[in-house]
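The annotation active site, proton acceptor is assigned in TrEMBL to D68. Residues or ranges marked as site 'Important for substrate specificity' in TrEMBL: R11, T69, Q151.
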Amino acid sequence: MRLILGSASPRRKELLAQIGVVPDGTRPADIDETPEKGELPRPYCARMATEKARAVNAAEDELVLCADTTVALGRRILGKPADAGEAAQFLLALSGRRHKVITAVALRLGDRLWERDVVTAVKLKRLSDDEISAYLRSGEWQGKAGGYGIQGMAGAFVPWINGSFSAVVGLPLAETAALLTGAGYPLYGGQR
Ligand SMILES: Cc1cn([C@H]2C[C@H](O)[C@@H](COP(=O)(O)OP(=O)(O)OP(=O)(O)O)O2)c(=O)[nH]c1=O
């Protein structure tokens with residue numbers, strides 16, 4: 001069985017490599033990521049991951065892996081900021097508060113679809129204007145849900161998380177491994 005990573009995220013590829021999974025191909029999915037009116041963060045995130053998995057072109061014997069990471073501030077969905085101004089707004093909104101990071105993983109083989117989502121609580125310390133400006137200058141907010149990446153400089157803004165670190169970075173490894181095994185993709189050097 002071949003594995004196709006339906007993602008343009010270098011983090012997802014690295015996280016898979018961390019558990020010894022090397023996809024046979026990478027085919028990023030291009031979908032409309034606009035939330036529906038009134039859509040809540042968790043169902044939105046699950047919908048994004050499954051839509052990505054359906055959008056990737058694959059043969060019947062190709063297992064497609066897609067994921068979506070969404071930051072939820074209460075009922076509010078914070079996606080990837082469009083520009084530095086929006087990143088600043090997100091960081092100000094998150095400053096000093098706890099929020100949730102949801103990552104949904106979807107696997108598709110032909111018409112069969114598996115999905116799991118993982119919710120992690122994250123606390124961001126209260127950010128000073130200097131910290132926000134330095135962070136915006138770093139450019140690390142680009143392409144990251146909520147406008148921050150816990151694996152980089154923003155690690156200094158996070159006193160605690162409750163949940164899965166790998167999920168916050170883009171792929172919950174325990175759940176991804178379980179999904180892959182369940183779909184018949186053997187890990188740890190098993191026969192494919
Ligand atoms: C909160 C947070 C998000 N992120 C990233 C993970 C995701 O790559 C990104 C959210 O965007 P996504 O839409 O989940 O993914 P993507 O656009 O990067 O890639 P693709 O859809 O092709 O798979 O935010 C971090 O890297 N660190 C963090 O701390």
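Residue numbering: from 1, along the chain as shown.
Placed from the backbone N, Cα and C atoms, the Cβ positions cover glycine too.
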- Note on the structure: CA pair the residue listed as 'active site, proton acceptor' / R11 (site 'Important for substrate specificity'), Å rounded to integer, equals 12
- Message: Please report the distance from the Cα of Q151 (site 'Important for substrate specificity') to the Cα of T69 (site 'Important for substrate specificity'), rounded to the nearest angstrom.
- Response: 14
- Query: Counting all other Cβ atoms within 10 Å across every protein chain shown, which of the recorded sites T69, Q151 scores highest?
  - Reply: T69
- Task: Going by DSSP, give the three-state secondary structure for R11 (site 'Important for substrate specificity').
- Result: helix
- Task: Give me the Cα-Cα distance between T69 (site 'Important for substrate specificity') and R11 (site 'Important for substrate specificity'), rounded to a whole Å.
- Result: 12
- Near R11 (site 'Important for substrate specificity'), which residues of its own chain have a C-beta under 8 A away, given they sit six or more steps off in sequence? Q151, V169, G170, L171
- Query: How many other Cβ atoms are found within 10 Å of the Cβ atom of D68 (active site, proton acceptor), counting all protein chains shown?
  - Reply: 28
